[in-house]
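Written out below as structure tokens is the structure these notes cover.
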Amino acid sequence: MTEKSPKPHKRSDAITEGPNRAPARAMLRAAGFTPEDLRKPIIGIANTWIEIGPCNLHLRELAEHIKQGVREAGGTPMEFNTVSISDGITMGSEGMKASLVSREVIADSIELVARGNLFDGLIALSGCDKTIPGTIMALERLDIPGLMLYGGSIAPGKFHAQKVTIQDVFEAVGTHARGKMSDADLEELEHNACPGAGACGGQFTANTMSMCGEFLGISPMGANSVPAMTVEKQQVARRCGHLVMELVRRDIRPSQIITRKAIENAIASVAASGGSTNAVLHLLAIAHEMDVELNIEDFDKISSRTPLLCELKPAGRFTATDLHDAGGIPLVAQRLLEANLLHADALTVTGKTIAEEAKQAKETPGQEVVRPLTDPIKATGGLMILKGNLASEGCVVKLVGHKKLFFEGPARVFESEEEAFAGVEDRTIQAGEVVVVRYEGPKGGPGMREMLGVTAAIAGTELAETVALITDGRFSGATRGLSVGHVAPEAANGGAIAVVRNGDIITLDVERRELRVHLTDAELEARLRNWRAPEPRYKRGVFAKYASTVSSASFGAVTGSTIENKTLAGSTK
């Protein structure tokens with residue numbers, strides 16, 4: 001450094017340094033921080049802890065291990081909390097409308113606290129579904145050195161000597177409703193499915209997005225697949241405390257990590273693992289935060305060239321803890337690297353490339369969770385994008401857990417998830433029908449609820465292989481069966497799904513990438529001319545605010561975006 005060079009400073013110096021900051025230091029001393037603490041880099045610890053449900057229950061304890069690591073590496077941690085909604089608990093209720101909305105609130109609130117306190121670095125601790133993309137989006141906006149650590153998966157439960165997850169409980173509801181399961185068995189399953197803390201145990205949304213975190217490079221490779229309630233997870237948390245200090249010293253920022261290449265790597269991981277369709281929504285939003293050009297067709301292109309390698313629930317035999325035992329997420333990365341399906345030079349938070357990290361993977365001899373490239377489950381991945389007169393902006397179908405590539409039948413229309421669930425229970429839905437659930441999109445719901453209650457109830461009946469379901473809402477990562485979600489434009493903005501009637505013939509043709517209702521253009525236009533937007537379900541509060549600002553699902557259902565107004569909520573009017 002020359003004599004004329006400015007003195008190096010930390011972002012947090014604007015809060016803690018100089019005589020005029022004495023009032024701020026006085027308040028920080030009252031909170032227990034010493035003058036020595038305030039001279040060190042200040043690292044925000046964004047926690048999504050709640051005691052409502054198992055997914056985030058252990059994060060308060062895990063945060064202590066992170067803070068220990070930060071202190072050991074010469075930093076001062078400052079922990080704060082944000083919100084979290086348990087998808088598994090709210091599923092099938094009005095409360096589920098809060099889930100996707102919470103992604104934006106999580107990102108907004110972390111951004112506010114970090115900007116307000118001028119942290120030098122940030123670790124975001126996530127668990128349940130929306131906390132993962134929400135924390136990543138906050139890191140992108142802030143663009144300060146930081147990383148996301150996932151709290152880890154729950155251990156599998158046991159029922160009649162079989163491994164079970166929460167998916168089995170949801171499906172048991174349909175089995176029980178049809179008289180094929182006793183009250184006693186349902187209660188026993190309920191008591192044993194979730195043995196402790198950790199996120200839902202299959203390749204559902206949380207584990208899909210935690211894998212994406214590692215493939216994006218914003219989580220250390222191998223950290224997220226470590227199960228929740230293990231000493232190893234505590235050790236990982238402590239190492240992350242060390243790592244964030246190294247990121248601060250080297251000034252490695254999310255904008256250097258989350259690039260187009262990194263996002264394409266993450267999409268490949270979803271395809272190879274049979275991951276949740278929610279990844280489409282979240283990765284579009286993550287791309288948006290970094291101004292990376294990405295559209296839903298990119299998911300189809302990448303999935304089409306990526307083999308399905310992981311036999312994970314909901315369609316396979318294995319749970320997330322089995323994946324860890326087999327070699328974890330690094331093993332999946334190693335397979336895709338060997339197939340030349342990754343951008344090998346993408347940077348990660350360790351300072352190494354994803355190729356350098358993947359080469360360190362250790363495969364457990366005899367494991368069956370991650371297939372060799374010579375013996376994939378399928379030659380192509382689990383996601384496809386369909387378009388047609390029923391979804392001009394596109395929709396998403398997951399090709400895992402069923403073999404049907406073509407379905408045609410009369411529509412059975414429901415105006416909400418509750419109506420559709422009642423249709424399963426009272427046997428209104430008949431074999432051969434296409435179940436249409438509308439006004440559940442980002443604006444119409446609002447909040448784009450997941451339809452797991454409906455799909456799981458169907459899966460627990462004899463209808464499982466004989467109906468298809470389409471919706472402008474979403475599906476849980478635990479969904480299996482022929483289900484098409486994210487239909488856009490959505491019904492609330494006059495998308496074609498709004499004017500489908502009972503008995504209309506709908507064709508779902510996966511190979512042709514088509515979703516079509518058998519109406520001429522003139523017939524469809526005539527119906528749309530007579531369509532009137534329904535009254536908003538909420539006229540004040542967070543849901544009303546969200547509905548007025550959210551974009552179409554085809555753009556990631558983002559809010560406060562720079563996307564042109566014509567794309568907001570998929571409006572065609």
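Positions of Cβ are set from backbone N, Cα and C atoms, glycine also.
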> In Swiss-Prot, the [2Fe-2S] cluster site includes Cys55, Cys200. Which of Cys128, Cys240, Cys310 does it also list there?
Replying inline: Cys128
> Which of Glu433, Glu440, Glu450 shares the Mg(2+) site with Asp87, Asp129, Lys130 per Swiss-Prot?
Replying inline: Glu450
> In terms of DSSP three-state secondary structure, what is the assignment for Asp87 (Mg(2+) binding site)?
Replying inline: helix
> What's the CA-CA gap between Ser476 (active site, proton acceptor) and Lys130 (Mg(2+) binding site) in angstrom, rounded?
Replying inline: 12
